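*Asks:* Take a look at this one; I'll ask things after.
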């Protein structure tokens, strides 16, 4: 069924396949590279977004949640070893994002513009729920983004619980980022040649 | 002691850190991090920061570590300000600037967390500065890590520069076509797609080619020759077991501290 965008049935894959095929093994580094470059690109354009999960989204959409989760995990490991060592612990969040995107895509929640928005909210919620304890443990609840932290400081100043303040700080930032990345991934996926989609699906 | 690297045909002098294997270095980083979480007095945290900094300075201070410190410095400053002003257990004033009062409890809390961040950066910096991609790849495969995972980790390091090269080529072409730098956020978001789509298609195309090449070369065949580590390491297995046991004990200790708060 083609619902005004992505043909959901034709794009489905074996969701929980743990064996890594050669195609998936070469897709994952490419996805990590896309994450890295997209993040650098967003920083270069001074966008108030990270875009650092675009490759993870695409890997999940092309080869399933396992590929997406591994892409997210390796992305944070590489980022942690080269730029910010504390980013390594956020690999848990990236794994969850990869899994959620893969599951939602397989169930047809990336088939049209409206559904993509709902998916983005679910992904942002997942990301915020997992990142909040990490923010509290490592950064006292902050996210490191100035205007998000200003919101956090205001809430803490008004004696609101640190967990709620940190979750709000994270969710407000995540919702914007994840919505933009979900739409970017949706539009980019539609532009990919069919032979490319089939190659990764068939060689999963 | 000198070692001859046959592939490069040059003599490389071995330093003390070359006798420590990559996994021990990573476990050491984890051990120092766990210590900083288990024992919170500030003087202990400061001594751990000094220890990890000494370790780093006695080996090699890489540019990546300096970048990581500068990257986190802004966050540390904002953390000290926010916690110093608004930490929920703030009672005793430390100092005042005009009408704004900084509190001792919040300041100490932020200082403890900043120390932890620095410990992680310095310890990982020690690992990064003293190991190479090929050394890590060979060692990980030799100790039994699946070769596919080793390929995944290592190929990223080689693919990244290739993608960045593709990106600058596409950006150059876009500029040559007369696409000007965008000003508003919406214009910037819209300008992303014409650059990202060709970049992503090219990147995936290259990974399909790589996958076909690997298949033709028998990457999936079960019979493989194991890579041999680059250097002989000092008591590698013993260090792994010892550090792993101590780390597990520290994790257990921390979990007990958390659980006992609710009992």
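Backbone N, Cα and C define each Cβ position, glycine as well.
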*Asks:* Transmembrane segment per TrEMBL sits at which of B:216-237, B:238-259?
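*Replies:* It is B:238-259 that TrEMBL annotates as transmembrane segment.
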*Asks:* Quickly jot the same-chain residues contacting the transmembrane segment (B:238-259) by Cβ under 8 Å, restricted to those at least six beyond its ends, or write none.
*Replies:* 20-21, 23-24, 27-28, 30-31, 34-35, 37-38
*Asks:* Within the same chain, where does the transmembrane segment (B:107-128) have neighbours whose Cβ lies under 8 angstroms from its own Cβ atoms, ignoring anything closer than 6 residues to its ends? I mean 6 or more beyond.
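*Replies:* Tertiary neighbours of the transmembrane segment (B:107-128) are 17, 22, 25-26, 28-29, 32-33, 36-37, 40, 42, 45-46, 48-49, 52-53, 55-56, 59, 61-62, 64-65, 68-69, 72, 75-76, 79-80, 82-84, 87, 89, 94.
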